[in-house]
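Quick notes on the structure that follows.
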Amino acid sequence: MMDPRLNVINKRFQNVKKIIAVSGGKGGIGKSQTAASLALCLAKHNYRTGLLDLDFCGPSTHVILGVEGIYPEEEKGIVPPKFNGISFMSITYYTGNNPSPLRGSEISNAIIEILAITRWEDLDFLIIDMPPGTGDPVLDVIRLIKRVEFLLVTTPSRVAQEVLKRELKVLNELGITVIGILENMKTKKGSQVASELLNLGVPFLGSIDFDYDLEDALGSPAKLLQTDFAAQLDQIISQKCL
Amino acid sequence: MHEWALAEAVVETVLKEAGKENLKEIVRVKVMVGELQQIELDVFNFAMENILQQGGGALSMEKISLEVDKCVLRCKVCGEDWYYSDSLQDLSEEDSEAIHFVPEVAHVYVRCPRCGSPDFEITSGRGVWIDYIEGEK
């Protein structure tokens, strides 16, 4: 018995130059905010950008960006619609606002389905918003998307950093490229993350201060781009990633 | 025409596997189509035919047989087994179409008829897969 979908997945990314999975292990550290804002910043710099939300049990990039009223087109597969210049793909097109209570193997199957049927147009960057944890979705993305690179997010919390180290070990063991680590929600001077992660052999990209006004910008790409969060992220990626 | 993407996957997989096994001739291919995905067989066949015309090598339509696999669901909470076709009457066209694109979305819209749980297993009839490829070396 053969699963034919596995043979077309890499072909679906043949027109995508760089694929970045935004991950970090722990929940609540700002992965989705980083992924969505990163996509917005890249699109602002006129890069052809896609955003794929693979957090099937807790999708949120559509809320962050304010995506509503668009739906993929069917053209020899499904073509993600554009939102604010970003080709946007999410399971929410099919689940609506309903919860999706999926077990691990079903998440895997749904990821394979989405990757096999989604036809990305020519892109400079595809940003993938990863769910928390180092379970099926991370392993599937590594297994199925051969050129994927990881951008890891953490916070000054030792709890988040300990989880990040575990994910980093898995990525290192599997030989996956890690672009670097981003410290989010910084509240004190200096960077605890930079010193803590010094010995891990992964570039420290920079820190983003805790942005108390970020919540007010949710749902509006224009407002999101004006936040301190986006400004700091933009500066970091412009210096270290582009 | 989302069926096209799946038809393309089937054709590419058969040709790849036949190449791996050094098959000079592909005699018969059996493709199973899970009922849950509600693939339109006419559209699926049309897509495969077109893809094969563009370069099917040793594979042609008459060698491919399709069989629909009845979808059975099993509740993980109370153990109830039921047919997806029995749940269809409770689904709207939009719900059913969403399941067509991503079959796991069934967990959003379908509930166990006995206990009402969304925690069920798709024991058969999920998607599209290749049951076997027969050929000569």
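Cβ coordinates come from backbone N, Cα and C, glycine included.
Whatever TrEMBL says is automated annotation, not expert-curated.
Annotated in TrEMBL:
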| type | residues | note |
| --- | --- | --- |
| BINDING | B:HIS2 | Ni(2+) binding site |
| BINDING | B:CYS75, B:CYS78, B:CYS112, B:CYS115 | Zn(2+) binding site |
B:CYS78 (Zn(2+) binding site) to B:HIS2 (Ni(2+) binding site) - Cα separation in whole Å: 35
Candidate with sparsest Cβ neighbourhood (10 Å radius) among B:CYS78, B:CYS112, the listed binding-site residues: B:CYS78
Greatest C-beta neighbour count within 10 angstroms, which of the binding-site residues B:CYS75, B:CYS115: B:CYS75
Same chain, 6+ residues apart, C-beta under 8 Å of the C-beta of B:HIS2 (Ni(2+) binding site), given in sequence order: B:HIS100, B:PHE101
Helix, strand or coil at B:CYS75 (Zn(2+) binding site) [DSSP, three-state]: strand
Subset of B:HIS2, B:CYS75, B:CYS78, B:CYS112 (binding-site residues) with C-beta under 8 Å from chain A: B:HIS2
Shell of the Zn(2+) site beyond B:CYS75, B:CYS78, B:CYS112, B:CYS115, same chain only (C-beta within 8 angstroms of their C-beta centre): B:LYS76, B:VAL77, B:GLY79, B:GLU80, B:PRO113, B:ARG114, B:GLY116, B:SER117, B:PHE120
